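Step one of this worksheet: look at the structure below.
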Amino acid sequence: MKRLLVKNIGRIVGIQPEGRLRICGAEMDRLETLDNAWLLAEGERIAAFGCMESLDGVTPDEVVDAEGGMLFPSFCDSHTHLVYAGSREQEFLDKIHGLSYEEIARRGGGILNSADRLHETSEEKLYRQAMERVREIIAMGTGCVEIKSGYGLSTEDELKMLRVIRRIRETAPLEVRATFLGAHAVARAYRGRQAEYVDLVCREMIPAVAREGLADFVDVFCDEGFFTVEETRRILDVGRRYGLRAKIHADELAASGGVEVGVACGALSVDHLERAGEAQIEALRGSETMPTLLPGAAFFLGMSYPPAREMIRAGLPVALASDYNPGSSPSGNMRMVVALASIRMKMTPAEALHAATLNGACAMELSADFGSITSGKVANFFITKPMPSVEFFSYAYQTPVIRRVFLQGRPIITLPDPMA
Ligand code: NIG
Ligand code: FE
(Lines of atoms letter the chains of each structure in order from A and count residues from 1; the text may use other names and numbers.)
(Lines give C-alpha, C1' and ligand atoms only; values in the text may rest on other atoms or scores of the structure.)
(Ligands and ions follow the chains in the order given, each with its own letter.)
Protein backbone atom coordinates (compact mmCIF):
# COMPACT_ATOMS: atom_id res chain seq x y z
CA MET A 1 0.00 0.00 0.00
CA LYS A 2 1.32 3.43 -0.92
CA ARG A 3 2.37 5.57 2.05
CA LEU A 4 2.05 9.34 1.64
CA LEU A 5 3.53 11.62 4.28
CA VAL A 6 2.55 15.27 4.67
CA LYS A 7 5.11 17.08 6.81
CA ASN A 8 5.54 20.60 8.20
CA ILE A 9 1.82 21.17 8.65
CA GLY A 10 1.37 24.46 10.55
CA ARG A 11 -1.88 23.24 12.09
CA ILE A 12 -4.12 20.21 11.61
CA VAL A 13 -7.74 21.33 11.99
CA GLY A 14 -10.84 19.23 12.67
CA ILE A 15 -9.42 16.27 14.58
CA GLN A 16 -12.08 13.96 16.04
CA PRO A 17 -11.92 10.84 18.18
CA GLU A 18 -12.90 7.57 16.53
CA GLY A 19 -16.59 6.76 16.75
CA ARG A 20 -17.95 10.28 16.98
CA LEU A 21 -20.57 10.47 14.27
CA ARG A 22 -21.90 13.99 14.78
CA ILE A 23 -21.33 17.00 16.96
CA CYS A 24 -24.07 18.86 18.83
CA GLY A 25 -24.79 22.13 20.64
CA ALA A 26 -21.99 23.77 22.62
CA GLU A 27 -19.51 21.07 21.52
CA MET A 28 -19.64 22.47 18.00
CA ASP A 29 -17.54 25.46 19.03
CA ARG A 30 -14.64 23.30 20.29
CA LEU A 31 -12.29 22.77 17.41
CA GLU A 32 -9.52 20.28 18.06
CA THR A 33 -6.20 21.13 16.41
CA LEU A 34 -2.55 20.04 16.45
CA ASP A 35 0.30 22.43 15.64
CA ASN A 36 3.56 21.73 13.82
CA ALA A 37 2.42 18.32 12.66
CA TRP A 38 2.70 15.48 10.15
CA LEU A 39 0.05 13.17 8.72
CA LEU A 40 0.54 9.76 7.12
CA ALA A 41 -1.92 8.22 4.65
CA GLU A 42 -1.66 4.51 3.85
CA GLY A 43 -3.55 3.69 0.71
CA GLU A 44 -6.80 5.63 0.88
CA ARG A 45 -6.96 5.98 4.68
CA ILE A 46 -5.36 8.17 7.34
CA ALA A 47 -2.88 5.89 9.16
CA ALA A 48 -1.56 8.29 11.80
CA PHE A 49 -0.67 11.90 12.58
CA GLY A 50 1.43 13.59 15.23
CA CYS A 51 3.85 16.40 16.15
CA MET A 52 6.91 16.97 13.95
CA GLU A 53 9.17 15.98 16.88
CA SER A 54 7.63 12.49 16.81
CA LEU A 55 8.24 11.91 13.08
CA ASP A 56 11.21 9.51 13.42
CA GLY A 57 10.83 6.07 11.93
CA VAL A 58 8.12 6.88 9.34
CA THR A 59 9.17 5.51 5.91
CA PRO A 60 6.85 6.88 3.23
CA ASP A 61 6.81 6.37 -0.57
CA GLU A 62 5.99 10.02 -1.18
CA VAL A 63 6.58 13.15 0.90
CA VAL A 64 4.63 16.40 0.58
CA ASP A 65 5.88 19.52 2.38
CA ALA A 66 2.95 21.61 3.64
CA GLU A 67 5.38 24.49 4.26
CA GLY A 68 3.55 25.62 7.38
CA GLY A 69 0.07 25.69 5.81
CA MET A 70 -3.00 24.29 7.57
CA LEU A 71 -4.61 20.93 6.87
CA PHE A 72 -8.43 20.74 6.92
CA PRO A 73 -10.75 17.74 6.43
CA SER A 74 -12.52 18.05 3.07
CA PHE A 75 -15.98 19.58 3.07
CA CYS A 76 -18.92 17.18 3.06
CA ASP A 77 -21.66 18.90 1.04
CA SER A 78 -24.83 16.98 1.89
CA HIS A 79 -27.33 18.85 -0.33
CA THR A 80 -26.79 19.68 -4.00
CA HIS A 81 -28.64 19.54 -7.32
CA LEU A 82 -25.47 19.82 -9.40
CA VAL A 83 -26.67 17.66 -12.28
CA TYR A 84 -28.66 20.09 -14.45
CA ALA A 85 -28.75 21.26 -18.03
CA GLY A 86 -27.72 24.78 -18.95
CA SER A 87 -28.26 27.67 -16.57
CA ARG A 88 -31.02 30.15 -15.64
CA GLU A 89 -29.68 33.70 -15.84
CA GLN A 90 -33.01 34.88 -17.28
CA GLU A 91 -34.60 34.22 -13.89
CA PHE A 92 -31.70 36.00 -12.25
CA LEU A 93 -32.77 39.06 -14.25
CA ASP A 94 -36.45 38.44 -13.36
CA LYS A 95 -35.48 38.45 -9.68
CA ILE A 96 -33.50 41.65 -10.10
CA HIS A 97 -36.65 43.16 -11.61
CA GLY A 98 -38.67 42.16 -8.57
CA LEU A 99 -40.23 38.72 -9.16
CA SER A 100 -40.09 36.24 -6.28
CA TYR A 101 -39.00 32.58 -6.50
CA GLU A 102 -42.66 31.50 -6.16
CA GLU A 103 -43.82 33.90 -8.88
CA ILE A 104 -41.17 32.60 -11.26
CA ALA A 105 -42.22 29.02 -10.46
CA ARG A 106 -45.91 29.85 -11.02
CA ARG A 107 -45.12 31.26 -14.47
CA GLY A 108 -43.64 27.89 -15.42
CA GLY A 109 -40.05 28.97 -14.86
CA GLY A 110 -37.88 27.60 -12.11
CA ILE A 111 -37.68 23.85 -11.74
CA LEU A 112 -39.97 23.22 -14.77
CA ASN A 113 -37.67 25.33 -16.92
CA SER A 114 -34.72 23.13 -15.88
CA ALA A 115 -36.84 20.02 -16.52
CA ASP A 116 -37.49 21.13 -20.13
CA ARG A 117 -33.80 21.68 -20.72
CA LEU A 118 -32.82 18.42 -19.11
CA HIS A 119 -35.30 16.54 -21.30
CA GLU A 120 -33.58 17.90 -24.45
CA THR A 121 -30.06 17.14 -23.22
CA SER A 122 -28.36 13.79 -23.78
CA GLU A 123 -27.03 11.75 -20.88
CA GLU A 124 -23.50 12.26 -22.18
CA LYS A 125 -23.84 16.06 -22.32
CA LEU A 126 -25.44 16.17 -18.88
CA TYR A 127 -22.55 14.15 -17.50
CA ARG A 128 -20.01 16.49 -19.06
CA GLN A 129 -21.73 19.61 -17.72
CA ALA A 130 -22.04 18.10 -14.25
CA MET A 131 -18.41 16.95 -14.21
CA GLU A 132 -17.29 20.54 -14.79
CA ARG A 133 -19.14 21.46 -11.60
CA VAL A 134 -17.69 18.47 -9.80
CA ARG A 135 -14.15 19.51 -10.74
CA GLU A 136 -14.97 23.03 -9.59
CA ILE A 137 -16.13 21.91 -6.12
CA ILE A 138 -13.18 19.54 -5.71
CA ALA A 139 -10.83 22.48 -6.29
CA MET A 140 -12.75 24.41 -3.61
CA GLY A 141 -12.23 21.67 -1.03
CA THR A 142 -15.25 19.35 -1.27
CA GLY A 143 -14.56 15.64 -0.78
CA CYS A 144 -18.06 14.16 -0.33
CA VAL A 145 -21.19 15.31 -2.10
CA GLU A 146 -24.85 14.37 -2.20
CA ILE A 147 -26.53 14.95 -5.57
CA LYS A 148 -30.29 14.93 -6.15
CA SER A 149 -32.41 14.10 -9.15
CA GLY A 150 -35.56 16.21 -9.53
CA TYR A 151 -35.15 17.96 -12.87
CA GLY A 152 -36.46 14.92 -14.74
CA LEU A 153 -40.03 14.75 -13.42
CA SER A 154 -40.82 11.76 -15.67
CA THR A 155 -39.69 8.22 -14.95
CA GLU A 156 -37.38 8.18 -17.95
CA ASP A 157 -35.74 11.53 -17.23
CA GLU A 158 -35.40 10.90 -13.49
CA LEU A 159 -33.59 7.65 -14.33
CA LYS A 160 -31.41 9.56 -16.81
CA MET A 161 -30.37 12.00 -14.08
CA LEU A 162 -29.68 9.24 -11.59
CA ARG A 163 -27.57 7.34 -14.12
CA VAL A 164 -25.50 10.48 -14.61
CA ILE A 165 -25.03 10.67 -10.82
CA ARG A 166 -23.99 6.99 -10.81
CA ARG A 167 -21.43 7.69 -13.52
CA ILE A 168 -20.02 10.62 -11.52
CA ARG A 169 -19.78 8.29 -8.54
CA GLU A 170 -17.85 5.77 -10.61
CA THR A 171 -15.47 8.22 -12.26
CA ALA A 172 -14.84 11.17 -9.90
CA PRO A 173 -12.41 10.88 -6.98
CA LEU A 174 -14.86 12.31 -4.46
CA GLU A 175 -17.48 10.31 -2.52
CA VAL A 176 -20.99 10.63 -3.98
CA ARG A 177 -24.43 9.83 -2.56
CA ALA A 178 -27.55 9.93 -4.74
CA THR A 179 -31.01 11.14 -3.76
CA PHE A 180 -34.21 10.58 -5.71
CA LEU A 181 -36.23 13.83 -5.74
CA GLY A 182 -39.06 13.03 -8.17
CA ALA A 183 -41.33 15.16 -5.93
CA HIS A 184 -39.42 18.37 -6.65
CA ALA A 185 -42.29 19.91 -8.63
CA VAL A 186 -45.38 18.63 -10.43
CA ALA A 187 -44.36 17.89 -14.04
CA ARG A 188 -45.85 20.19 -16.67
CA ALA A 189 -47.82 17.30 -18.19
CA TYR A 190 -49.55 16.79 -14.80
CA ARG A 191 -50.50 20.42 -14.15
CA GLY A 192 -53.72 20.45 -12.12
CA ARG A 193 -53.37 16.70 -11.47
CA GLN A 194 -50.96 16.72 -8.55
CA ALA A 195 -52.45 13.58 -6.93
CA GLU A 196 -51.81 11.63 -10.14
CA TYR A 197 -48.24 12.87 -10.22
CA VAL A 198 -47.72 11.70 -6.64
CA ASP A 199 -49.14 8.32 -7.73
CA LEU A 200 -46.58 8.21 -10.52
CA VAL A 201 -43.77 8.96 -8.06
CA CYS A 202 -44.93 6.23 -5.66
CA ARG A 203 -46.06 3.52 -8.07
CA GLU A 204 -43.65 3.87 -10.95
CA MET A 205 -40.65 6.06 -10.22
CA ILE A 206 -39.56 4.76 -6.81
CA PRO A 207 -39.82 1.08 -7.82
CA ALA A 208 -37.89 1.80 -11.05
CA VAL A 209 -35.17 3.71 -9.20
CA ALA A 210 -34.86 0.94 -6.62
CA ARG A 211 -34.75 -1.77 -9.30
CA GLU A 212 -31.61 -0.22 -10.75
CA GLY A 213 -30.18 0.60 -7.30
CA LEU A 214 -29.75 4.21 -8.39
CA ALA A 215 -30.48 6.09 -5.15
CA ASP A 216 -29.48 6.02 -1.50
CA PHE A 217 -32.12 8.48 -0.28
CA VAL A 218 -35.53 9.92 -1.16
CA ASP A 219 -36.39 13.62 -0.90
CA VAL A 220 -39.58 15.71 -1.24
CA PHE A 221 -39.96 19.47 -1.69
CA CYS A 222 -42.49 19.82 1.16
CA ASP A 223 -43.44 23.47 0.95
CA GLU A 224 -46.18 25.95 0.09
CA GLY A 225 -47.06 25.62 -3.60
CA PHE A 226 -45.18 22.32 -3.94
CA PHE A 227 -45.99 19.10 -1.98
CA THR A 228 -48.18 18.77 1.13
CA VAL A 229 -47.37 17.01 4.39
CA GLU A 230 -49.73 14.14 3.49
CA GLU A 231 -48.12 13.67 0.09
CA THR A 232 -44.70 13.84 1.69
CA ARG A 233 -45.58 11.17 4.24
CA ARG A 234 -46.88 8.88 1.53
CA ILE A 235 -43.75 9.28 -0.62
CA LEU A 236 -41.44 8.74 2.36
CA ASP A 237 -43.35 5.61 3.39
CA VAL A 238 -43.02 4.14 -0.08
CA GLY A 239 -39.35 5.17 -0.17
CA ARG A 240 -38.73 3.41 3.13
CA ARG A 241 -40.26 0.19 1.82
CA TYR A 242 -37.72 0.34 -1.00
CA GLY A 243 -34.81 0.98 1.38
CA LEU A 244 -34.48 4.73 0.75
CA ARG A 245 -34.00 6.89 3.83
CA ALA A 246 -35.60 10.35 3.77
CA LYS A 247 -34.09 13.79 3.36
CA ILE A 248 -36.59 16.65 3.07
CA HIS A 249 -36.76 20.18 1.67
CA ALA A 250 -38.68 21.86 4.49
CA ASP A 251 -39.72 25.33 5.63
CA GLU A 252 -37.99 27.24 2.83
CA LEU A 253 -40.98 29.27 1.63
CA ALA A 254 -43.36 28.77 4.58
CA ALA A 255 -43.64 26.79 7.83
CA SER A 256 -44.62 23.70 5.88
CA GLY A 257 -44.87 20.91 8.45
CA GLY A 258 -41.90 19.33 6.67
CA VAL A 259 -39.74 19.22 9.78
CA GLU A 260 -42.41 17.49 11.83
CA VAL A 261 -43.21 14.88 9.17
CA GLY A 262 -39.48 14.36 8.59
CA VAL A 263 -38.79 13.70 12.26
CA ALA A 264 -41.85 11.41 12.49
CA CYS A 265 -40.59 9.39 9.50
CA GLY A 266 -37.03 9.14 10.88
CA ALA A 267 -35.56 11.37 8.15
CA LEU A 268 -31.80 11.55 7.95
CA SER A 269 -32.03 15.32 7.50
CA VAL A 270 -34.45 18.20 7.07
CA ASP A 271 -32.98 20.92 4.91
CA HIS A 272 -33.42 24.70 4.32
CA LEU A 273 -35.44 25.72 7.45
CA GLU A 274 -35.41 29.45 6.67
CA ARG A 275 -38.93 29.67 8.18
CA ALA A 276 -38.37 27.28 11.06
CA GLY A 277 -38.96 28.49 14.63
CA GLU A 278 -39.30 27.27 18.22
CA ALA A 279 -41.82 24.52 17.38
CA GLN A 280 -39.54 22.99 14.75
CA ILE A 281 -36.53 23.15 17.08
CA GLU A 282 -38.63 21.38 19.69
CA ALA A 283 -39.61 18.71 17.15
CA LEU A 284 -35.95 18.12 16.29
CA ARG A 285 -34.80 17.83 19.90
CA GLY A 286 -33.96 14.26 20.82
CA SER A 287 -34.30 13.05 17.21
CA GLU A 288 -31.65 11.60 14.90
CA THR A 289 -32.64 14.03 12.14
CA MET A 290 -29.93 16.52 11.10
CA PRO A 291 -31.10 20.11 10.55
CA THR A 292 -29.23 21.20 7.42
CA LEU A 293 -28.92 24.88 6.61
CA LEU A 294 -28.24 26.27 3.13
CA PRO A 295 -27.24 29.91 3.58
CA GLY A 296 -26.17 30.18 -0.08
CA ALA A 297 -29.86 29.87 -1.07
CA ALA A 298 -31.00 32.45 1.51
CA PHE A 299 -28.26 34.76 0.20
CA PHE A 300 -29.09 34.30 -3.48
CA LEU A 301 -32.87 34.64 -3.02
CA GLY A 302 -32.62 37.44 -0.44
CA MET A 303 -34.55 35.41 2.16
CA SER A 304 -34.21 35.46 5.91
CA TYR A 305 -31.64 33.04 7.33
CA PRO A 306 -32.47 29.97 9.42
CA PRO A 307 -32.20 30.25 13.22
CA ALA A 308 -28.82 28.55 13.61
CA ARG A 309 -27.98 30.08 17.01
CA GLU A 310 -31.28 28.99 18.52
CA MET A 311 -30.71 25.45 17.21
CA ILE A 312 -27.22 25.24 18.68
CA ARG A 313 -28.46 26.74 21.96
CA ALA A 314 -31.10 23.99 22.08
CA GLY A 315 -28.30 21.42 21.88
CA LEU A 316 -29.03 20.35 18.29
CA PRO A 317 -26.37 19.45 15.75
CA VAL A 318 -26.39 21.63 12.62
CA ALA A 319 -25.06 20.80 9.13
CA LEU A 320 -24.25 23.27 6.36
CA ALA A 321 -24.55 22.53 2.64
CA SER A 322 -24.36 24.49 -0.61
CA ASP A 323 -27.67 23.56 -2.33
CA TYR A 324 -25.70 23.99 -5.60
CA ASN A 325 -28.51 24.38 -8.21
CA PRO A 326 -29.41 26.67 -11.11
CA GLY A 327 -32.35 28.42 -9.45
CA SER A 328 -31.61 29.27 -5.85
CA SER A 329 -27.89 28.74 -5.35
CA PRO A 330 -25.70 28.65 -8.45
CA SER A 331 -22.56 28.01 -6.39
CA GLY A 332 -21.04 24.97 -4.73
CA ASN A 333 -18.43 26.97 -2.85
CA MET A 334 -18.46 25.56 0.68
CA ARG A 335 -15.96 28.13 1.87
CA MET A 336 -18.48 30.83 0.97
CA VAL A 337 -21.13 28.78 2.81
CA VAL A 338 -19.11 28.66 6.04
CA ALA A 339 -18.33 32.38 5.71
CA LEU A 340 -22.04 33.18 5.22
CA ALA A 341 -22.90 31.01 8.22
CA SER A 342 -20.64 33.20 10.34
CA ILE A 343 -21.55 36.54 8.76
CA ARG A 344 -25.33 36.07 8.52
CA MET A 345 -26.19 33.34 11.06
CA LYS A 346 -23.59 34.19 13.71
CA MET A 347 -22.12 30.71 13.76
CA THR A 348 -18.50 30.77 14.91
CA PRO A 349 -15.94 29.59 12.34
CA ALA A 350 -15.44 26.46 14.48
CA GLU A 351 -19.18 25.69 14.52
CA ALA A 352 -19.42 26.30 10.79
CA LEU A 353 -16.46 24.02 10.01
CA HIS A 354 -17.94 21.17 12.06
CA ALA A 355 -21.30 21.76 10.35
CA ALA A 356 -19.69 21.61 6.89
CA THR A 357 -17.57 18.51 7.58
CA LEU A 358 -18.54 15.95 10.24
CA ASN A 359 -22.21 16.91 10.47
CA GLY A 360 -22.50 17.13 6.68
CA ALA A 361 -21.01 13.63 6.45
CA CYS A 362 -23.53 12.47 9.08
CA ALA A 363 -26.36 13.88 6.92
CA MET A 364 -25.21 11.45 4.19
CA GLU A 365 -24.62 8.50 6.58
CA LEU A 366 -20.90 8.87 5.84
CA SER A 367 -19.48 10.14 9.12
CA ALA A 368 -17.97 6.79 10.16
CA ASP A 369 -15.54 7.19 7.25
CA PHE A 370 -15.43 10.90 6.38
CA GLY A 371 -15.74 14.39 7.83
CA SER A 372 -12.76 14.68 10.19
CA ILE A 373 -9.09 14.00 10.69
CA THR A 374 -9.26 10.64 12.46
CA SER A 375 -6.98 7.60 12.09
CA GLY A 376 -8.76 5.04 9.97
CA LYS A 377 -10.97 7.50 8.09
CA VAL A 378 -10.60 8.16 4.38
CA ALA A 379 -7.72 10.59 3.73
CA ASN A 380 -9.76 13.44 2.21
CA PHE A 381 -8.20 16.77 3.10
CA PHE A 382 -6.83 20.02 1.73
CA ILE A 383 -3.79 22.09 2.59
CA THR A 384 -3.81 25.88 2.68
CA LYS A 385 -1.00 28.35 2.49
CA PRO A 386 0.13 29.58 5.92
CA MET A 387 -2.64 31.58 7.62
CA PRO A 388 -2.53 33.63 10.81
CA SER A 389 -5.46 31.69 12.35
CA VAL A 390 -8.21 29.18 11.55
CA GLU A 391 -10.69 32.08 11.65
CA PHE A 392 -8.79 33.73 8.77
CA PHE A 393 -10.19 31.04 6.45
CA SER A 394 -13.76 32.33 6.95
CA TYR A 395 -12.87 35.97 7.52
CA ALA A 396 -10.78 36.50 4.37
CA TYR A 397 -13.31 34.40 2.49
CA GLN A 398 -12.18 35.41 -1.00
CA THR A 399 -8.42 35.16 -0.50
CA PRO A 400 -7.31 32.07 -2.43
CA VAL A 401 -5.63 30.05 0.32
CA ILE A 402 -6.37 26.45 -0.73
CA ARG A 403 -3.14 25.09 -2.19
CA ARG A 404 -3.44 21.33 -2.52
CA VAL A 405 -6.34 18.90 -2.49
CA PHE A 406 -6.00 15.20 -1.52
CA LEU A 407 -8.77 12.64 -1.93
CA GLN A 408 -8.54 8.97 -0.93
CA GLY A 409 -4.92 9.57 0.07
CA ARG A 410 -3.95 10.78 -3.41
CA PRO A 411 -2.92 14.26 -4.55
CA ILE A 412 -5.72 15.50 -6.85
CA ILE A 413 -4.98 19.16 -7.44
CA THR A 414 -2.13 21.55 -6.78
CA LEU A 415 -3.31 25.12 -7.29
CA PRO A 416 -0.90 27.84 -8.36
CA ASP A 417 -0.27 30.67 -5.95
CA PRO A 418 -1.87 33.68 -7.70
CA MET A 419 0.24 36.02 -5.53
CA ALA A 420 3.59 34.40 -6.44
O1 NIG B 1 -33.18 23.59 -2.86
N2 NIG B 1 -36.19 24.34 -3.09
C3 NIG B 1 -36.22 23.51 -3.99
N4 NIG B 1 -35.26 23.14 -4.80
C5 NIG B 1 -34.06 23.85 -4.99
C6 NIG B 1 -34.19 24.88 -6.06
C7 NIG B 1 -34.33 24.26 -7.35
C8 NIG B 1 -34.43 25.20 -8.51
O9 NIG B 1 -34.91 26.34 -8.40
O10 NIG B 1 -34.02 24.75 -9.57
C11 NIG B 1 -33.57 24.40 -3.68
O12 NIG B 1 -33.56 25.62 -3.44
FE1 FE C 1 -32.32 21.96 -2.61
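Start at 1 and count along the chain as shown; that gives each residue its number.
Glycine is treated like the rest: Cβ placed from N, Cα and C.
Predicted automatically and left uncurated, TrEMBL annotations should be read as such.
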Site co-member for Zn(2+) according to TrEMBL, given H79, H81, H249, out of D29, D157, D199, D323: D323
Look at the 4-imidazolone-5-propanoate binding annotation in TrEMBL, where R88, Y151, H184, E252 are given, and name the residue from S322, S328, S331, S342 listed for that site too. S328
Which of H79, H81, H249, the listed binding-site residues, has fewest other Cβ atoms within 10 Å: H81
I want the residues beyond H79, H81, H249, D323 whose C-beta is within 8 angstroms of the mean position of the Zn(2+) site's C-beta atoms, in chain order. T80, K148, D271, H272, L294, A297, A321, Y324, N325, S328, S329
Could you check the binding-site residues N325, S328 and say which one's CB has the fewest neighbouring CB atoms inside 10 Å? S328
Taking only the binding-site residues R88, Y151, E252, D323, G327, which have a CB closer than 6 angstroms to any atom that belongs to ligand 2? D323
Quick one: which of these binding-site residues, H81, H184, H249, E252, have their CA within 10 A of N325 (N-formimidoyl-L-glutamate binding site)? H81
Not counting Y151, N325, G327, residues with a CB within 8 A of the CB centroid of the N-formimidoyl-L-glutamate site are H81, Y84, R88, G110, I111, S114, G150, P326, S328
